[in-house]
Amino acid sequence: MLTSKARQELNRLAFSLIHKLKPAPITVGLSGGADSTLALLVACKLQETDPRFSVLACHCIHGLDADDPIWLKHCQDLCQRLKVKLVTPKLNIVYGNGVSPEDASRKERYRALLENLSPNGYLMLGHQSDDQVENLLLALKRGSGPRGLGGMSTVTCDNRGTIIRPLLDLSKKDIENILTALGFDWVFDISNTYLKFERNFIRLKVLPLLRQRFIGIDKAILKSAKLCAFEHDLASRYAETFYTQAVADDIFYIDKIDIEDQALTFFVLRRFLFNFLSSAPDFNTVAACYDLIKASNDQEGVVEFADKEIRRYLNTLRIVSKAITPNKDSILILHKNETLCLNDFAYSLIKGRAKNKSFILKSDCVTLDFTYSGSFKIKPVNRVHRREIKKIFGENFIPYWERAAYPLVKDKDSVLALGSVCALGKKEDLKAEDVYYLEIKNLKTGKVI
């Protein structure tokens, strides 16, 4: 390729983005390979065209390969040549227990890249058309739907931020030709030849055979990916109204959607899970959640997903952080001006009034008693009769998985309150200096319950 042609191609890539993006800082994921090198050049061209863009290169040190120092030195030299600031976070990759080195590395790499993303900035990555082809075949292997088969977009906005992939219409060969013509070299990662990795097996064994047998197979696969993306986009727009009706915050309201319409319910449910889980749910997870939806209200089902749980409560599905409640046989002392941490919950006495939750504290501490049973009867303030604790929980819509976090609050002579649910006994003329209530915080979510 002629140098003039390569420069023209670089300009095209930059100008195709400049009208889509507001000027902002760009963080480029830089491995030192051909793809990320060209992505860095595109970012630099954007900055050259409009100085309101700024560029930061981020080279992640995986610590898994003896060639790490070689790649680091290459990236340092490249960034010095381009006058680009470089950061080099070291990754902590832990795999096993069903997590592959590929998945663990990818998750940790994205974490490091996003940590180096400026507020309202962009993350630029070097994915190209060969990656798209490989992704579709891997998605087929996983049993993905149109969203997964649709592949990557040039600009993606999600809960991670805005991710830019400017090279999706170029092949690996195109990219290497452009870099050679522009006078840039790149490093080669020997691990890209290891067939134990699924992507490498697809790239080195499956695709060469398909290309030999079917001329133009790459274009056909990319066409299918684009059609799947179109189908998913159309379905998303159709389902938007139903999603808005059925979902509020991280709660899925079962009675707001026709659950007999399985296709619609699956789509809305998958989007709900995708929006609030750490990664995209597979078909089996969505199907298990659909079974929860179809179950009766009094069934206490749970679907586990990484560090989250999807639970049914009354007519809702809720995504819950896994939290360990205090031991059921615990009886502990809580002093004023103290926070008591028990597993994933923290307990504090707060001075002041909270409606129907405050009590007079006659000493400098209370006892937190977790040993009660749900059938134990207490008399909430402003109630005439005693009532079973499990029924009080139900009346206050306390989900069953959180109930073990609520202790009985006692002093020497009486029971003062049921956790942060309600005070007990008669409503008295409370003096300001004596009035307290119990605050319970879920340490996993940071929310006060």
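Backbone N, Cα and C define each Cβ position, glycine as well.
Predicted, not measured: the structure shown is a model, and the values here were computed from it.
What TrEMBL lists as domain 'tRNA(Ile)-lysidine/2-thiocytidine synthase N-terminal' is 26-203.
In the three-state DSSP scheme, Gly33 (ATP binding site) is classed as coil. According to TrEMBL, the ATP binding site annotation covers Ser31, Gly32, Gly33, Ala34, Asp35, Ser36.
According to TrEMBL, the domain 'Lysidine-tRNA(Ile) synthetase C-terminal' annotation covers 371-422.
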I want the residues beyond Ser31, Gly32, Gly33, Ala34, Asp35, Ser36 whose C-beta is within 8 angstroms of the mean position of the ATP site's C-beta atoms, in chain order.
Leu30, Thr37, Ala39, Gly126, Trp186, Val187
By the count of other Cβ atoms within 10 Å, pick out the sparsest of the binding-site residues Gly32, Gly33.
Gly33
Around the Cβ of Ser36 (ATP binding site), how many other Cβ atoms lie within 10 Å? Please give the count over every shown protein chain.
26
Secondary structure composition of the domain 'Lysidine-tRNA(Ile) synthetase C-terminal' (371-422) [DSSP: H/G/I, E/B, coil]:
10 helix, 13 strand, 29 coil
For the domain 'tRNA(Ile)-lysidine/2-thiocytidine synthase N-terminal' (26-203), what is the mean per-residue pLDDT, to the nearest integer?
91
